[in-house]
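Visitor: Pasting a structure below so you can have a look.
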Amino acid sequence: MNILRHKKWHVRTKENVARVRRDEAKAAEEEKARAERAELADHEDRIQRLRSKNIGNTSDVANVKDIFGSRADSKDVMGGTSSSTSASNEHHVNLFKELEEQERKNFASGNKEYAAEKKKEQDDWESKVGIMKRFAEDTKEYSRDNEWWERIPLLREHDDKKPPKVSKSEKKFLTSEEQKAIKLKKEKKKKRKDKIKGIEHAQPCVDINLLRQERLARERREQQRVIMLTKQENKDDVEESIDKMVHLNKDRDRRYNSQFNPEFSRF
């Protein structure tokens with residue numbers, strides 16, 4: 001049975017997807033906390049073993065002092081040892097101090113490398129099982145495709161960038177086609193420069209006063225032409241009105257015809 005996705009009883013709804021993601025985040029947090037507890041226990045065990053090892057070394061030094069302490073000359077020889085032993089009892093020498101400090105920092109901030117490895121393992125497992133594919137097959141997270149506006153570069157590359165110059169030593173290793181392309185490009189550039197120079201030379205220097213006089217003469221000619229056209233139009237209008245008046249007078253002077261009004265023809 002094919003159930004439509006927008007229906008409420010469909011398995012892959014927004015609520016179910018959000019619930020699964022919340023469960024995954026909660027499981028990841030629990031796994032992280034468990035790993036941190038295990039790492040802390042490992043650190044404490046390592047520190048305890050180092051301390052017990054250091055205590056064993058100090059007990060050996062004390063036994064040596066008891067054996068050779070009866071001799072007078074041995075007191076001078078063992079003076080430095082006894083002082084160092086007493087100092088070690090008060091504050092023992094820690095050879096792994098920097099390592100322990102680094103471990104404390106990792107415990108406070110969390111081991112990022114370990115967390116990244118765990119997350120990668122979890123993602124690989126989910127992808128193999130099919131969880132990620134099932135709940136993210138229609139999303140951009142699964143296809144790993146960006147939108148078209150995300151693929152647009154922030155700074156557009158200009159096309160007018162000059163290509164890198166080829167040195168003479170590099171020209172020796174160029175193929176014939178590459179050499180032809182470079183030569184053709186240079187010829188086109190030279191033709192373009194020659195064309196621009198020709199246009200510049202073709203435009204002579206013109207006096208501004210001469211241009212002004214030409215413009216005024218051109219304006220006067222245009223005004224005269226407009227006046228002539230308006231006069232011609234007025235003349236045509238006058239002739240047309242005269243023709244109309246003549247036609248109207250002829251129509252009025254025409255004799256009466258009785259066929260239009262026979263009842264008036266009796267009189």
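Cβ atoms here come from the backbone N, Cα and C positions, even for glycine.
This is the feature table in TrEMBL:
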DOMAIN    8-44  domain 'CBF1-interacting co-repressor CIR N-terminal'
REGION    21-43  region 'Disordered'
Visitor: Can you break down the domain 'CBF1-interacting co-repressor CIR N-terminal' (8-44) into helix, strand and coil residue counts using DSSP?
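Guide: Going by DSSP assignments, the domain 'CBF1-interacting co-repressor CIR N-terminal' (8-44) contains 31 helix, 0 strand, 6 coil.
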Visitor: Over the domain 'CBF1-interacting co-repressor CIR N-terminal' (8-44), what is the model's average pLDDT?
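Guide: 88, rounded to a whole number.
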